[in-house]
Amino acid sequence: MLQALLDSKDFLALTLANPETLGDEFSFTLGEHTRVEVWNTGVIVFEPAQAQGKDVILSCGVHGNETAPIELCNTLIKQLLQQKIIAKQRTLFLIGNPLAINNGTRIIDENMNRLFSGEHSNPPGLVNPERVRAKKLEAYVDRFFKGAAAGRQRIHYDLHTAMRASKHEKFAIYPYRPGRAYSAEQIMFLAASGVDTVLFHHEPTTTFSYFSSEQYGADAFTIELGKVYPMGQNDMTRFIAAQEMFMRLITDKPLALEPFSADKVNLYQVCRVINKHFDDFEFTFAADVENFRSFPKGFVLAREGGQEIKVEQEFEAIVFPNAKVPIGNRTVICLIPSVAPDVR
């Protein structure tokens, strides 16, 4: 395994050729500046000899068909392995769901991004590949963040692409963080990365980014970088800004961020989540409606069990509508413009 990686510098290829395990961990050094550790398939750590003050996690492929972030991360990994760039911050890359990537599908059995914060082990337990992998990913995050002295800034960007078109092509979900202000620096970092829209979540969830935020105090985000396309069919020029900013972060180059200003970004507050309670749940709008489409108060969004679900606020925008989820799961997130969020 070691020699294959040293020869190819292609960690994604190694991961997809061994989607369940790489066997024993292995490590090696790049020059005299970086120790590289491979903990398992899809799990690679870059430990600078003289690390600066940030611990950075870039995760991708939690959903197997969201390929642009996978290609983006593999490019950064390849540049690090080729020593075209040199890590100055401790950095962990996670390729989340290799089995689903090989399968060309979003999932194998279950949506992995609903299985963190221990949800993987709640009934029915570790019964499928996503649940088993989610538990392992939590352990890798724990090991990484606890592998350095306390007091360092912890960052986790969980990278995705969306299944549908969007009014705002790139957007981020800021996990619920009661008692903690939102980071102005992080919001402007996202903006510099081309991610000009942020959704503030209103309650705990079982997503990967919420896990890192809540358990480790990380500046963590679920970041949607565009639309789903098959591997190799992404227009990677659309991700130049994101790749550049991630590279600058990892290599400790100046970020040159603008001061925070609410008029430079689109800020939304999650006002509610609509879950599915009956098999006959259906939306009233077209199946191809774009993310952030707005509807007026009183508009019937959906019907189920003989009841109508209406827009409650003056206007509500929607993201991630999906009527085909299992009963009990989220069908859509409803948003309102965010007014004076606590950003510092």
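Positions of Cβ are set from backbone N, Cα and C atoms, glycine also.
Taken from Swiss-Prot, the feature Zn(2+) binding site applies to H63, E66, H160, supported by sequence analysis. If you look up Swiss-Prot, you'll see E224 marked as active site.
The shortest Cα-Cα distance between E224 (active site) and any of the binding-site residues H63, E66, H160 is the one to H160. Using a 10 Å Cβ-Cβ cutoff, H160 (Zn(2+) binding site) registers 25 neighbours. On its own chain, E66 (Zn(2+) binding site) has C60, R106, L159, H160, T161, V228 as residues at least 6 apart in sequence with a Cβ closer than 8 Å to its own Cβ.
Neighbour density for the residue listed as 'active site': within 10 A of its CB lie 25 other CB atoms from the protein chains shown. Around the Cβ of H63 (Zn(2+) binding site), a 10 Å sphere holds 25 further Cβ atoms from the protein chains shown. The Zn(2+) site is defined by H63, E66, H160, and by the 8 Å test on Cβ atoms against their centroid, the other residues of the chain that qualify are C60, G61, V62, G64, N65, P69, R106, N113, L159, T161, A162, V228.
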